[in-house]
């Protein structure tokens, strides 16, 4: 616990932002300012006419269209550089204005699109402090508890969180007929309302709670009622799913925001742009409530795998692009590290000296309905042995604690960062052989004891 708190560091000042950064004007206000200035207004109308029904190359080949774009880009008015706030009162109108300018400029040219939302400048440590105030529990000091059950109980103590959570659970579990188990459209709408209107100190704890047994992990997987909001009879092609999402301004914006904030980068220690875990987790939550909704694929406690409900079958000559899109979810070190950091109750801002030892994967849990908030998951059929951690190998040697079924031993690096097995973000390629030898030793010692 002391190690985790030291990693968290001092709380970040409110409104922390990079030097020279200024809050952008929202597109609704920027549109009003442009409408009041004749030159901006006429150029904006011209640009919208140029973008209507034309691809980017055709639009840019037209001198009048090019001139209109250049005037808006160089104008002191903020229309071209406007952004939107997620959950703002006129969010959809704001996004429509944004894409009326930027849609034709990015279409077909780039795999990723820039986010239309304002940058997130807060840190995860801000949420940890708020969560402890609201729930009376500090996530860094409740290592023996079921964090997902704690998250549900904390939500029930807040009227807004409890009301909206009960609302989407009821809607998503309401059976319409034998052929139609639920209304997917209404379920998605209720989920969007929950994640847009409930503060992240509650929603993040429900989505990203850390787990040490499959029962807890299954509760986490069931957070969004996946039988209605996520799963379907057949998996669509991922590029078809992306295309359908991009046809909707709101879904397109949330997807662009996810790519902007969670796109894996090796230029930072954490694998995230700007080392901002908060921004990545927020943009992930913003995707929930659309057909492209991501979720945990199973109840594994050792390897977190996230994916939308889709596959790359039938991609033809687009298979490489499809696989690249899917890997942004399934093999994304930024997203994984962000989830792990939240589960640890800390922002990770240092790289561990030693790679993680291998661990044994626990049996996959079967699907289950939403678990009641008054039931301790450790008493369910998913009960497994407690995973105990060891003291530092370098300082004290191995001293595993025996449980009634199984005991796994982690190195200090694992306790400090809790980065998942298989995670390549912090792996030193030169240490490969020694890491494998250490892994075998760690796995054999508890058996011999």
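Heads up, the Cβ atoms here are built off N, Cα and C, so glycines get one too.
Bear in mind that TrEMBL entries carry predicted annotations, made automatically and left uncurated.
Given the structure is predicted, the values throughout are model-derived calculations rather than measurements.
As recorded in TrEMBL:
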{"type": "DOMAIN", "residues": "27-106", "note": "domain 'GDNF/GAS1'"}
{"type": "DISULFID", "residues": "34-40", "note": "disulfide bond"}
{"type": "DOMAIN", "residues": "148-228", "note": "domain 'GDNF/GAS1'"}
{"type": "DISULFID", "residues": "148-209", "note": "disulfide bond"}
{"type": "DISULFID", "residues": "155-161", "note": "disulfide bond"}
{"type": "DISULFID", "residues": "172-187", "note": "disulfide bond"}
{"type": "DISULFID", "residues": "182-228", "note": "disulfide bond"}
{"type": "DISULFID", "residues": "211-216", "note": "disulfide bond"}
{"type": "DOMAIN", "residues": "238-334", "note": "domain 'GDNF/GAS1'"}
{"type": "DISULFID", "residues": "238-310", "note": "disulfide bond"}
{"type": "DISULFID", "residues": "245-251", "note": "disulfide bond"}
{"type": "DISULFID", "residues": "262-280", "note": "disulfide bond"}
{"type": "DISULFID", "residues": "272-334", "note": "disulfide bond"}
{"type": "DISULFID", "residues": "312-322", "note": "disulfide bond"}
{"type": "CARBOHYD", "residues": "344", "note": "N-linked glycosylation site"}
{"type": "CARBOHYD", "residues": "401", "note": "N-linked glycosylation site"}
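Between the candidate disulfide-bonded residues, 34, 322, the densest Cβ environment within 10 Å is the one around 34. Cα spacing between residue 228 (disulfide bond) and residue 172 (disulfide bond): 6 Å, rounded to the nearest whole number. Regional average pLDDT for the domain 'GDNF/GAS1' (148-228) in the model is 93. Set side by side, the disulfide-bonded residues 161, 245, 272, 334 differ in how many other CB atoms lie within 10 angstroms of their CB, and the most is found at 272. Checked against residue 40 (disulfide bond) by C-alpha proximity, the disulfide-bonded residues 216, 312, 334 yield 334 as the nearest. Residue 155 (disulfide bond) counts 24 other C-beta atoms within 10 Å of its own C-beta, drawing on all protein chains shown. Using CA atoms as reference points, the disulfide-bonded residues 161, 187, 245 were checked against residue 209 (disulfide bond), and the closest is 161. Cα distances from residue 161 (disulfide bond) to the disulfide-bonded residues 182, 187, 216, 322 are smallest for 187.
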